[in-house]
Amino acid sequence: MGENQTMVTEFLLLGFLLDPRIQMLLFGLLSLFHVFTLLGNGAILGLISLDSRLHTPMYFFLSHLAVVDITYACNMVPQMLVNLLHPAKPISFAGCMMQTFLCLTCGHSECLLLVVMSYDRYVAICHPLRYSIIVTWRVCITLAITSWTCGSLLALVHVVLILRLPFCGPYEINHFFCEILSVLRLACADTWLNQVVIFAACVFFLVGPLCLVLVSYLHILTAILRIQSGEGRRKAFSTCSSHLCVVGLFFGSAIIMYMAPKSRHPEELQKVLFLFYSFFNPTLNPLIYSLRNAEVKGALRRALCKESHFQ
């Protein structure tokens, strides 16, 4: 590891190879989205912590998802914005590895959190009378800790496997951040073990969780169709449809990025796909949950009413 760090001290992030005027336009657009990401997810965290009606397992997991999205944004977006203003901006080797670690940790943890949230909705709709017995706060905390722990441990495995590789130059990463596949392209050694671990991670953290989510919602759909009350059916559909939107956006873009044949996606197109996967998803998540969730909108109205009454 020490030899590796003496050989390479920094990488150059090439970012988007665009016209300077387009880069400035992209800088303004992404800066706006970055602010929306922080404000939206921060508002969800604030509402959940302040409104006692949202102190339920469903919103407990949603708060963890908001933390993942904020971490995503703070980990990658500032460096990307700097690169748009100053192309080919160098990043230290240690900073690059830390960026890769945080990105992978958030990605793995979000996969598991989405599975946990689908299980929560499955129990709430298919077994409502036993919900408080099955989904206890002890179970919720255990599932959340397990999601973060598994995500960070697998990310650590990826980083350790990268550290064992020699990098002989050129030290130019054709991406806007230290994405793992782009970093591996610079290694001047066989990366078969890294590729095997990445493929195994895709199977267990993308395909596996997606199948579990689909099975859960198949049971949920069956249970919803049996609901006699129109109001109850509408509420169940409203709650679950927001979760399905997030699942579709996240897993769909991630599977295309990491499991589709690479020959079909040139490097510039891969940047756009990853931009959607890691940047626009965190921006859209709070909008999906707030606009399609009556409880969140109610909590926001109550918070605004309290603020106006206080003033």
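Cβ atoms are placed via backbone N, Cα and C, with glycine included.
Over in TrEMBL, the protein carries these features:
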type     : residues : note
DOMAIN   : 40-289   : domain 'G-protein coupled receptors family 1 profile'
TRANSMEM : 22-47    : transmembrane segment
TRANSMEM : 59-78    : transmembrane segment
TRANSMEM : 98-119   : transmembrane segment
TRANSMEM : 139-163  : transmembrane segment
TRANSMEM : 196-224  : transmembrane segment
TRANSMEM : 236-260  : transmembrane segment
TRANSMEM : 272-291  : transmembrane segment
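Most Cβ pairs under 8 Å to the transmembrane segment (22-47), among the stretches 196-224, 236-260, 272-291, belong to 272-291. Highest Cβ pair count under 8 Å relative to the transmembrane segment (236-260), across stretches 98-119, 139-163, 196-224, 272-291: 196-224. Sequence-remote contacts of a segment are chain residues at least 6 beyond its ends whose Cβ falls under 8 Å from one of its Cβ atoms, and for the transmembrane segment (196-224) they are 107-108, 111-112, 114-115, 118-119, 121-122, 125-126, 154, 157-158, 161, 180-181, 233, 236-237, 240, 244, 247, 251, 254-255, 258-259. In the predicted structure, the domain 'G-protein coupled receptors family 1 profile' (40-289) carries a mean pLDDT of 85. Counting residues 6+ beyond its ends, the transmembrane segment (272-291) has Cβ neighbours under 8 Å at 30, 33, 36-37, 40-41, 43-44, 62, 65-66, 68-70, 72-73, 76-77, 103, 107, 175-176, 179, 242, 245-246, 249-250, 253-254, 256-257, 265, 297, 300 in the same chain.
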